[in-house]
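K.L.:
Following this message is one structure expressed as structure tokens.
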Amino acid sequence: MSDAYKLLVLAGDGIGPEVMREVARIVHWMSAHRGLKLEITEELVGAASLAVHGVPIRDEVIELARQSDAVLFGSVGDPAWSHVGFDKRPEVAILKLRKELELFANLRPAKLFDALIDASALKPEVVRGLDLMIVRETVGGIYFGEPRGIETLPDGSRRGINTEVYTTSEIERVARVAFDLARKRDNRVCSVEKCNVMESGLLWKEVVTDVHKREYPDVQLSHMLADNCAMQLVRDPNQFDVIVTGNLFGDILSDLASMLTGSLGMLPSATLGPVRADGKRNALYEPIHGSAPDIAGKGIANPLAQILSFAMLLRYSLNRAEDADLIEMAVSNVLASGLRTGDIMSPGMARVGTEMMGQAVLREMEKLA
């Protein structure tokens, strides 16, 4: 299987294994009918790994991730482990993976399926047709800058300190990710910062402008202040194609954009690393929802975010855009038929569980293929 793509599957905890099973059905079908060759390795992470190996993620799993074409991640988290030290928490698995793989660019799509338009927080006429991508830089900025901390002043009062720091290279590489994505979409990038009050924002704007001029003159570039961007996302979200921004603003804006779609259970994500010696990027794909231990094992979890995360993997790591389109169209058609899991249920629709939703997507793929 030397010509097969290497895929590491980490289902994790809670509903992770349940929703990942529905992806496995799709993978099996695509292997049989679409010529998709995958060499799949499955490993334990999170609480599942703690129970067997005593650690949230083993070093061997991280090495497997480095050698893979992509990592498909479920979710981690289990309240049964809330009493242990931080380094033993299930959530450490995903944090360590992101660090060891040097993942720096988080891709958060906000795409509204027509059938869910009434679930959006905005009026249908404002949000119809929504399809934007937020690219968030995740290793720099105020979350990691030094100095930081809380100190006691001579008068006894306390002061909290955080420092916003960005370097040219950090900005350049995330800008390239955004411009490359735009070329595969509607060819538009909006760079977001606060250059009017922050020197780091001024550098951000200058560097993005320079990368655009030197390497991507064919892509349409605009600039917007972060506070204005938040307002514009609510006023007219369809003006955006790709938004690229720093860690703090990306954290806020991507959560805002997620609610334009109506349900966190529908949203996939990707996080990309630098280009490796073999020309590929380390990449991890995961739904943005958590492990949902309260519904784990009940067969009612929404598998669509996990399925759509696999579609992103096909598109961005395996360069199989047609296969990704097939999955996304199948999901759209299933929703249009009226099938809903509980988290996206609305009057007049038909409630189904995890397995039935996954099977419906697969049947629709068979019709479309």
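Each residue, glycine too, has its Cβ placed from N, Cα and C.
What you see is a predicted model, and the numbers here were worked out from it, not measured in a lab.
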K.L.:
Considering the substrate binding residues ARG98, ARG108, ASP227 given in Swiss-Prot, which of ARG66, ARG128, ARG136, ARG214 is annotated for that site as well?
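P.N.:
That substrate site, as Swiss-Prot gives it, pairs ARG98, ARG108, ASP227 with ARG136.
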K.L.:
Secondary structure at ILE300 (NAD(+) binding site) (DSSP, helix/strand/coil)?
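P.N.:
Reduced to three states, the DSSP call for ILE300 (NAD(+) binding site) is coil.
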K.L.:
Select the closest residue to ASP255 (Mg(2+) binding site) from the following binding-site residues, measuring between CA atoms: ARG136, ASP227, ALA292.
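P.N.:
The answer is ARG136.
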K.L.:
Which binding-site residues are spatial neighbours of LYS194 (site 'Important for catalysis') here, meaning Cα within 10 Å, out of ARG98, ARG136, ASP227, ALA296?
P.N.:
ASP227
K.L.:
With an 8 Å cut-off on Cβ-Cβ distance and a minimum sequence separation of at least 6, pull the same-chain contacts of ARG108 (substrate binding site), or say none.
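P.N.:
Within the chain, ARG108 (substrate binding site) has Cβ neighbours under 8 Å at MET133, ILE134, ARG136, GLY250, SER254, ALA257, SER258, LEU267, SER269, ILE288.
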K.L.:
Report the same-chain neighbours of GLY290 (NAD(+) binding site): residues 6+ apart in sequence with Cβ closer than 8 Å to its Cβ, ordered by sequence.
P.N.:
GLY14, SER75, GLY77
K.L.:
Distance between ASP227 (substrate binding site) and ASP294 (NAD(+) binding site) at the Cα atoms, whole Å?
P.N.:
36
